[in-house]
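Taken from TrEMBL, the feature phosphate binding site covers ARG129, ARG173, ILE174, GLY175, THR176. Under the heading substrate binding site, TrEMBL lists GLN253, ARG255. If you look up TrEMBL, you'll see 347-360 marked as compositional bias 'Acidic residues'. Taken from TrEMBL, the feature domain 'Nucleoside phosphorylase' covers 89-340. Residues or ranges marked as region 'Disordered' in TrEMBL: 346-378.
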Amino acid sequence: MSKSNCSDCTCRLANEVGQLKAIVNAQSRTLAKLVRQMKEGCKKDEEAKESTLCGLNPCLKCLQPDILYHLGLNTETTDFPKVFGDVRFVCMGGTPGRMENFAYYVMQEIGLKINAATKLRNISEAGQRFSLFKVGPVLCASHGMGCPSISILLHELIKMMYHAKCKDPVFIRIGTSGGIGVEPGTVIISSEAIDGRLNPAHEILVHGASVQHASQLDESLADEIKMCHDPCKDSYEAVIGRTLCAHDFYEGQSRLDGAFCEYTPEMKKTYLETLQSQQVKNIEMESLAFAALTSRANIRGAVVCVAILNRLNGDQIKTPHDVLSKWEKRPQELVARYIRKVLYHNDDDDESEQPEDEAEAGAGGAGDTQKAPAEEAE
Ligand SMILES: O=P(O)(O)O[C@H]1O[C@H](CO)[C@@H](O)[C@H]1O
Ligand SMILES: O=c1cc[nH]c(=O)[nH]1
């Protein structure tokens, strides 16, 4: 065996030992908690459990059933507290493929396993709009492009959290974006979302009148995710900055390569330089609705996007697909590390533990997996 193979192998083993240690520690904590509960006379957590979400539509409790149309789920046919009650992280990104890959990746990172002959099931397949995967306490959803699409998903996911009585779920968008004055491949964690006029508000029309909702993001969550970046080991930078949310990819982002363009290159240059002078680090298309809807519900939210180009240098995305797909994994890496840290390394937190069912039986709990077709099992 060559020296480098040997050190790779040692590194892998050390990694696996670290993961096993985290799982064993988490299981010890779970065991200690169960023993404590037995001593206290089996007080059940569930009895006191209510969702921690605030400011929701008071009519929700009267909807029997509540039909989450675009997710293809309803409260009559699905036992939300049973299937989704353990959700602590809701991660979302534009495409179904990214979110399926992320689900498998996070499963590995948090030490869960499924049988080799099974695969994760798209729970919202019946809705035929979004994809939704559940890996223990992590939900992974695709949101499509733009604020209207992500806001439909968010309304339904927030209602899901409410019906499932989830406690303090954290929502994170993992995406791509156009950077402003940053090296392509840099990860930007948004401090706040702003619109094209640099207003920190998501504007919607209700009964024909403009309603604005503040689009602040959780600063401490952004810091916690940033701390998961290791400047010595990671070959890319991670920065915190303002994110401009546009309502389209071309004119809304001052591109010169759309089917229509009624401004000059000089006007584009001036606009992008103004953004740069206002600490805007990137442009994408969902952060306004994401920030507004999560903060209205009292949900901690973060937006973590890789910059796939520097808009000060051009408009077209010329980077090869294999490089883009490596970059696309960077926000996923940071977010998976964050989730892992919250679940297993938060020693001050009595509740940090390996999810009980899945630690023993793999991530194949109710609604999580299905048998793979024969050819995929091979
Ligand atoms: O890469 P995702 O997360 O899909 O998001 C970005 O990419 C899309 C445009 O190409 C927009 O939806 C923008 O927000
Ligand atoms: O320039 C870009 C790149 C990705 N997504 C966007 O919205 N804009």
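Every residue gets a Cβ built from N, Cα and C, even glycine.
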I want to verify one value. Collapsing DSSP to three states, which class is THR176 (phosphate binding site)? strand
Given a separation of at least six residues and a C-beta threshold under 8 Å, show me what packs close to GLN253 (substrate binding site) in the same chain. GLY178, ALA246, ILE283, ARG311
Restricting to the domain 'Nucleoside phosphorylase' (89-340), what is the model's mean pLDDT? 98
Would you mind checking how many other C-beta atoms are within 10 angstroms of the C-beta on ILE174 (phosphate binding site)? 27
Running a distance check here. Ligand 2 versus the binding-site residues ARG129, ARG173, ILE174, GLY175, THR176, ARG255: which have CB less than 6 Å from one of its atoms? THR176
In sequence order, what residues of the same chain, 6+ apart, have a Cβ less than 8 Å from the Cβ of ARG173 (phosphate binding site)? CYS91, MET92, GLY93, HIS143, ILE150, GLU286, SER287, PHE290, GLY301, ALA302, VAL303, VAL304, CYS305
Residues with Cβ closer than 8 Å to the Cβ of GLY175 (phosphate binding site), same chain and 6+ apart in sequence? GLY93, GLY94, GLU284, GLU286, VAL303, VAL304, CYS305, VAL306, PRO331
